[in-house]
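Novice: Here it is, the structure in full.
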Amino acid sequence: MNCLAIAKRKWNCKSFRGPFVCLLSVIVYSMTTANFFTFGEYIPALKGSITNQETYLGLISSTAIALVCLVTPIATFLSNRIGSRKCLLLGTIISSTFLGLSGLYENFWSVYICFGIIFGTVACLMINPLYFVVNLYYPFNHPRHVLANSLLTCGYPLGTFILNPILEALISHFGWQKTFGIQGLILFLICFPSAMAIVEPHQLNDDEYTLISEEITVPLISEIGKKKELKKVTRIVVGTCWFMATALRSIGYTAPIVLLVHYMTNLGISSQNASIGMSVFGFFEFFGRLLVSIFGDYIKGNLILSYIIASLLLSLTNFFALYTYNFTTVIIYIIAQGLFDGPIMAAQMSTCIELHDGRHLEETFSLFRMSIGVGSLIGPTLAGYFYDLTNSFDSLFYLTSSTYFACTLFYAVCLLLRKFKKDWW
């Protein structure tokens, strides 16, 4: 079934398939994405073991995060061809295998190829189908559309919150090489059974779910008229601004996150407290996304405006980070960073629908995800480079503050172009 199909629905009150699939999607999403953003726990152990350069360690993480987003069009194509469940199962088997093999050799290239390249690429098969499956059960015209789609993204900070202290304990007791193996096993044991139970609506029998064959567009499109596609110049101009805004946000987010543990230990904070700090970050990002999940349907249609406000607050937050000097001040920065960044990622599917009034969803969503990948590739690499160059974290926070501010400007341009659109749109 094409992932862009939006159909009329007739719910059977005896069926809880929609909420059940949403819950399983959150589990798979959280367990998969958490592996990327807990990589910072490995950095103190990897430094001196496989390399002494922060730049190279940042490159491992940034490559993995970039690839999981950059291959979004391929993952979408594959899930359309073989189905979401088969795509999820294939991704789970390959991803968990190479995650475990990342610690096979005490060598930079072994970790980089297994984790940075292969795991980063194949994990997209576990993440991308989930967005469209949830959107099929809860389309834009559903009163709980933002709730369901945002709850999915709550999985990442929740997984990070849980996995950070576990990895810190495992690395301390077993070393980083064995921990990779345990991590891969955990991923498989949780995600494989969950993926088996995730099905698309058209695969259900009539007793559970009735899907009327007539496809409809979301309400925003019907308000505009019968015109189905946007002009090419519109898609290029707005798409470029959308791409730049999300890429800059991604740089601002990923640049500090892989070095936060190192930053805290550099201030004299113990590794245990640094791990607690990362868990606090995960919790408050989860809380920020949860707020959008609960109240997002009330601001549906104004989600891009919320992006502008959040990115401006993030610019100010990262400027404040220049003045952090102990655990308390770092925690304040971490809480603000988590709270303000959470809403941007929470409503990504809903905002992609809103940007073009529901048109060209696959194209818009791919641009959004691919720009995250570009920013994720640049961010940690720049962070490691600036630290190696200056031996100071100040340049890092100047970078993140400025990129978030530039991100604010591009989101504002997208909003203005959409608000004041004329016949050229």
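From the backbone N, Cα and C atoms, a Cβ is placed for every residue, glycine too.
Model, not experiment: these values are computed from the prediction.
Pulled these from TrEMBL:
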{"type": "DOMAIN", "residues": "21-419", "note": "domain 'Major facilitator superfamily (MFS) profile'"}
{"type": "TRANSMEM", "residues": "20-43", "note": "transmembrane segment"}
{"type": "TRANSMEM", "residues": "55-75", "note": "transmembrane segment"}
{"type": "TRANSMEM", "residues": "87-104", "note": "transmembrane segment"}
{"type": "TRANSMEM", "residues": "110-134", "note": "transmembrane segment"}
{"type": "TRANSMEM", "residues": "146-167", "note": "transmembrane segment"}
{"type": "TRANSMEM", "residues": "179-199", "note": "transmembrane segment"}
{"type": "TRANSMEM", "residues": "236-262", "note": "transmembrane segment"}
{"type": "TRANSMEM", "residues": "274-292", "note": "transmembrane segment"}
{"type": "TRANSMEM", "residues": "304-325", "note": "transmembrane segment"}
{"type": "TRANSMEM", "residues": "331-355", "note": "transmembrane segment"}
{"type": "TRANSMEM", "residues": "367-386", "note": "transmembrane segment"}
{"type": "TRANSMEM", "residues": "398-417", "note": "transmembrane segment"}
Novice: Check for me, if you would, whether the transmembrane segment (146-167) reaches the transmembrane segment (331-355) - at least 3 Cβ pairs under 8 Å, residues 6 or more apart in sequence.
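Specialist: When sequence-distant Cβ pairs are counted, the transmembrane segment (331-355) touches the transmembrane segment (146-167), since at least 3 lie under 8 Å.
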Novice: Does the transmembrane segment (55-75) come near the transmembrane segment (236-262), with 3+ Cβ pairs under 8 Å (pairs 6 or more apart)?
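Specialist: Contact between the transmembrane segment (55-75) and the transmembrane segment (236-262): present.
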Novice: If contact means at least 3 Cβ pairs within less than 8 Å, sequence distance 6 or more, would you call the transmembrane segment (20-43) and the transmembrane segment (367-386) in contact?
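Specialist: Since fewer than 3 Cβ pairs under 8 Å link them, the transmembrane segment (20-43) and the transmembrane segment (367-386) do not come into contact.
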Novice: Can you say which of 110-134, 236-262, 304-325 has the most Cβ pairs under 8 Å with the transmembrane segment (367-386)?
Specialist: 236-262
Novice: Count, for each of 87-104, 110-134, 331-355, 398-417, the Cβ pairs lying under 8 Å from the transmembrane segment (179-199), and report the range with the highest count.
Specialist: 87-104
Novice: Taking pairs 6 or more apart in sequence, does the count of Cβ pairs under 8 Å between the transmembrane segment (304-325) and the transmembrane segment (398-417) hit 3 or more?
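Specialist: These two stretches do touch.
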Novice: Answer yes if the transmembrane segment (110-134) and the transmembrane segment (87-104) have at least three CB pairs under 8 Å among residue pairs 6 or more apart in sequence, and no otherwise.
Specialist: yes
